[in-house]
Amino acid sequence: MSLLATVLLLWGFTLGPGNTLMLDSGSEPKLWAEPQSLLEPWANLTLVCAVDLPTKVFELIQNGWFLSQVRLETQVLSYRFSLGAITSNNSGIYRCRCGVEPPVDIHLPALNKWTMLSNAVEVTGKEPLPRPLAHADPVDWITPGGLPVYVMCQVAMRGVTYLLRQEGVDGVQKPDVQHKGTAGFLIYKPGNYSCSYLTHAAGEPSEPSDIVTIKMYASQAPPTLCLMGNYLMIYPQKTYETLACKAPRNAAEFQLRQGGKVLKIHGFSPTRDAILYYVNLKELDNPGPFTCRYRMHKYMHVWSEDSKPVELMWSDETLQAPVLTAEPSSRDLEPGSTVQLRCTAPVSGLRFGLQRQGKPELVVVQMLNSSGTEAVFELHNISTIDSGNYSCIYMEQAPPFSGSSSSEPVELRVNGPPPKPRLEALWKSTVHLGQEAIFRCHGHVPRVSMELVREGFKTPFAVASTRSTSAYLKLLFVGPQHAGNYSCRYTALPPFTFESGISDPVEVIVEG
């Protein structure tokens, strides 16, 4: 896997199972509307589907249901679907997709023969015109005397006039930048903003977009610092650890720090808003927590707030192994109870790590610093997913930072069925044809892969990896075929292999 792909996976940009042959930058085509006349936009309308890489096959989908497919003799970058006059028969929400031709002659699964679905285009045939989409870019906050941000307004119909309004302020703001169906408005003041558009000067404005709230912060928001990979692993030959620092917007410079000390470690930036640090554990004179911060072009005198701290552990396994005990000591534990795992060492003033055996790696799941000779780790509200073999390890907090080998393992066995997540529907009552159905799956532990499953189907309809205990799952383009009962479940990310139960179902009722 490439370094950039690793970083993207770490921060949540994942593909569904079996999608390794899908297109990357060209995987999502663009769809927009071109009226014959902006004076009467619904009198004769054409939808244009464009893709980054040439193809012979284009498909137009209305209200989540197949409508039209064309196969051309030669490869092209776009195709025009003529809808004509818009009536109740051809109004609705449209998306398109394009055929994928692999660079070599190989067999592709059915789903991998198509790009991702395009953006949605709403065609109503009436006024007011459909609302545009609006969002803040690159962040939804500003600082005193700092860089402005944009409110971006996206309209599916080309050639329109864009308008931005601030709540409580008279008048409209005209765009500062404009390109291919998107306009950007520079924002210098906090407030609530919405955009709309006109097809001609005497026309009625469209419905306003959803509100975009721009906040005022006293300083640049902190970046995120995290360990590359799902868990920390300790082994005697390990000399380097990789930390990733990601800013909320493009940065000119990053710093990796321990307390007030800036570490002179060269970093590599795969993107303008992120940097990777390769930390030589042998050269550290302090095992204390790491933080990172950034500063931006034109504002080099102002540093952001520090990230949340990240602690590391390593060990040369030269010191005596600690002893791990469990309270209660029974291997048969009841779900919902609390277990204390006590790690005892022969000396004081150490950093302790609780390890859990994966397949095959032994990884650190908790860390504690102690001024005494022991540390007590707690597992709360335990369930079958906590069953496994645990051990502990420690390291000195003064040079040369020697460490122990792992303790003898302690097995925890929790009774009962696996825990069930909770599936939440983020809509009310019914889902209209062509809309998205967005769910949120609430689990119990972080670092899992969550799946949306439908009654009667084995293959999940959506998959999302998360470093937290919940994830959003969505049906992108709901058609009549999507009606039914849905549940969610989750499985551990490597190196663990546990699986949750199935949530109670949520019914999707499709209207229209």
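From the backbone N, Cα and C atoms, a Cβ is placed for every residue, glycine too.
Taken residue by residue with DSSP, Cys96 (disulfide bond) is part of a strand. Sequence annotations record features per position, and here Swiss-Prot assigns disulfide bond to Cys49-Cys96 (among others).
Feature annotation from Swiss-Prot assigns disulfide bond to Cys153-Cys195 (among others). All protein chains considered, the CB of Cys153 (disulfide bond) has 27 other CB atoms within 10 Å.
Per Swiss-Prot, the feature disulfide bond maps to Cys245-Cys292 (among others); the stated evidence is sequence analysis. Within 10 Å of the C-beta atom of Cys292 (disulfide bond) sit 28 other C-beta atoms, taking all shown protein chains into account.
Taken from Swiss-Prot, the feature disulfide bond applies to Cys343-Cys392 (among others), supported by sequence analysis. According to its DSSP assignment, Cys392 (disulfide bond) is in a strand. Counting only same-chain residues six or more apart in sequence, the Cβ atoms lying under 8 angstroms from the Cβ of Cys392 (disulfide bond) belong to Pro322, Leu324, Leu341, Cys343, Phe352, Gly353, Leu354, Gln355, Ala375, Phe377, Ser406, Ser407.
Feature annotation from Swiss-Prot assigns disulfide bond to Cys441-Cys488 (among others). For the recorded site, Cys488 (disulfide bond), the DSSP three-state label reads strand. The Cβ neighbour count for Cys488 (disulfide bond), using a 10 Å radius over every protein chain in view, is 30.
Taken from Swiss-Prot, the feature domain 'Ig-like V-type 1' applies to 22-126.
For the domain 'Ig-like V-type 2' (127-219), residue counts in helix, strand and coil come to 0 helix, 43 strand, 50 coil, using DSSP. The feature domain 'Ig-like V-type 2' is assigned by Swiss-Prot to 127-219.
Break the domain 'Ig-like V-type 3' (220-312) down by DSSP state and the numbers are 3 helix, 39 strand, 51 coil. The domain 'Ig-like V-type 3' feature in Swiss-Prot is assigned to 220-312.
Under the heading domain 'Ig-like V-type 4', Swiss-Prot lists 313-415. The DSSP breakdown of the domain 'Ig-like V-type 4' (313-415) into helical (H, G, I), extended (E, B) and coil residues amounts to 3 helix, 53 strand, 47 coil.
The domain 'Ig-like V-type 5' annotation in Swiss-Prot covers 416-512.
The feature N-linked glycosylation site is assigned by Swiss-Prot to Asn44 (among others), with sequence analysis given as support. Secondary structure at Asn44 (N-linked glycosylation site), as computed by DSSP, is coil. Long-range Cβ neighbours of Asn44 (N-linked glycosylation site) (same chain, at least 6 residues apart, Cβ-Cβ under 8 Å): Pro35, Gln36, Ser37, Gly84, Ala85.
Per Swiss-Prot, the feature N-linked glycosylation site maps to Asn89 (among others); the stated evidence is experimental evidence. A C-beta separation below 8 Å, combined with a sequence spacing of at least six in one chain, links Asn89 (N-linked glycosylation site) to none of the other residues.
Residues or ranges marked as N-linked glycosylation site in Swiss-Prot (evidence: sequence analysis): Asn192 (among others). Counting only same-chain residues at least 6 apart in sequence, those with a Cβ under 8 Å from the Cβ of Asn192 (N-linked glycosylation site) are Gln166, Glu167, Gly168, Ile211, Val212, Thr213, Ile214.
Swiss-Prot lists Asn369 (among others) with the feature N-linked glycosylation site. Long-range Cβ contacts of Asn369 (N-linked glycosylation site) within its own chain (separation 6+, distance under 8 Å): Leu350, Arg351, Phe352, Ala375, Gln397.
The feature N-linked glycosylation site is assigned by Swiss-Prot to Asn381 (among others). Just so you know, the Cβ of Asn381 (N-linked glycosylation site) picks up 11 other Cβ atoms within 10 Å once every protein chain is counted.
Summarising the annotation, Swiss-Prot assigns N-linked glycosylation site to Asn389 (among others) and lists sequence analysis as the type of evidence. Neighbour density for Asn389 (N-linked glycosylation site): within 10 A of its CB lie 14 other CB atoms from the protein chains shown.
In this structure, the CA atom of Cys292 (disulfide bond) is 31 Å away from the CA atom of Cys441 (disulfide bond). According to DSSP, Asn89 (N-linked glycosylation site) sits in a coil region rather than a helix or strand. Neighbour counts were taken at the CB atom with a 10 A radius for the disulfide-bonded residues Cys49, Cys195; the maximum falls on Cys195. In the three-state DSSP assignment, the secondary structure recorded for Cys49 (disulfide bond) is strand.
The Cβ of Cys245 (disulfide bond) has 26 neighbouring Cβ atoms from other residues within 10 Å, across all protein chains displayed. Rounded to a whole value, the Cα-Cα separation of Asn381 (N-linked glycosylation site) and Cys441 (disulfide bond) is 19 Å. Cα spacing between Cys441 (disulfide bond) and Asn485 (N-linked glycosylation site): 14 Å, rounded to the nearest whole number.
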